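Asks: Dumping what TrEMBL says about this protein:
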BINDING   His81, His83, Glu87, His126  Fe(2+) binding site
BINDING   His81, His83, Glu87, His126  Ni(2+) binding site
Amino acid sequence: MTTNLAILVSHTIQETPLSVEGLTALGVLYFSLPVDFTDSKEMLENIAATRGYTNRDELEVSPETMGPAFEALLKKFFMEHLHQDEEIRHFLKGVGYFDVRNAKDEWVRIKAEAGDLLVLPAGIYHRFTLDEASYGGVIRLFKNHPKWEALNRSAETDQDECRKNYLLARSNGSFLV
């Protein structure tokens, strides 16, 4: 087990309970897809088809699977960033935390564990870390080829078109429709 900055900092955030409706208001979608049920595979296929995801991969993040790159990768995940595409993750193993910004620009913590599927909208500022076990296994879904391109928070990303679209959708309640 490693001790890294992301894990230590993650435990300084107050975890305020947030309903599924509260997540939806931020544009974050939650689905329960237990990993040990056969129906879950069909549900995952339906979600992927509905949202236009044609590619996927599986990723295991741990000191054992990543070797020396683990610490650097976790630090990269924990830098506040956004993506120009949705980020969709189905957790198969382990426990992780997505921190997302609410309308007051405060962190909201989302605990994700086996069976949870989260969709973070394009343009939402967020970061990710693992719990103390330093292990997570996920299926990542993509609209095109598998890629993970993070745009770290800056004045430039604040002006990015996907960020502006996200803020507009959040402010006018489009995510609740």
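Backbone N, Cα and C define each Cβ position, glycine as well.
Those TrEMBL annotations? Automatic predictions, nothing curated.
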Asks: CB neighbours of His81 (Fe(2+) binding site) within 10 A?
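Replies: Looking across every protein chain shown, the total is 20.
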Asks: Cβ-Cβ under 8 Å from Glu87 (Fe(2+) binding site), same chain, 6 or more residues apart: which ones?
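Replies: Looking at Cβ-Cβ distances below 8 Å from Glu87 (Fe(2+) binding site), excluding near sequence neighbours, one finds Leu118, Val119, Leu120, His126.
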Asks: Would you pick out, from the binding-site residues His83, His126, the residue whose Cβ has the largest number of other Cβ atoms within 10 Å?
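Replies: Sorting the candidates by Cβ neighbours within 10 Å, the top entry is His126.
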Asks: Using an 8 Å cut-off from the Cβ centroid of His81, His83, Glu87, His126, can you name the remaining same-chain residues around the Ni(2+) site, in sequence order?
Replies: Leu82, Leu120, Ile124, Tyr125, Ala150
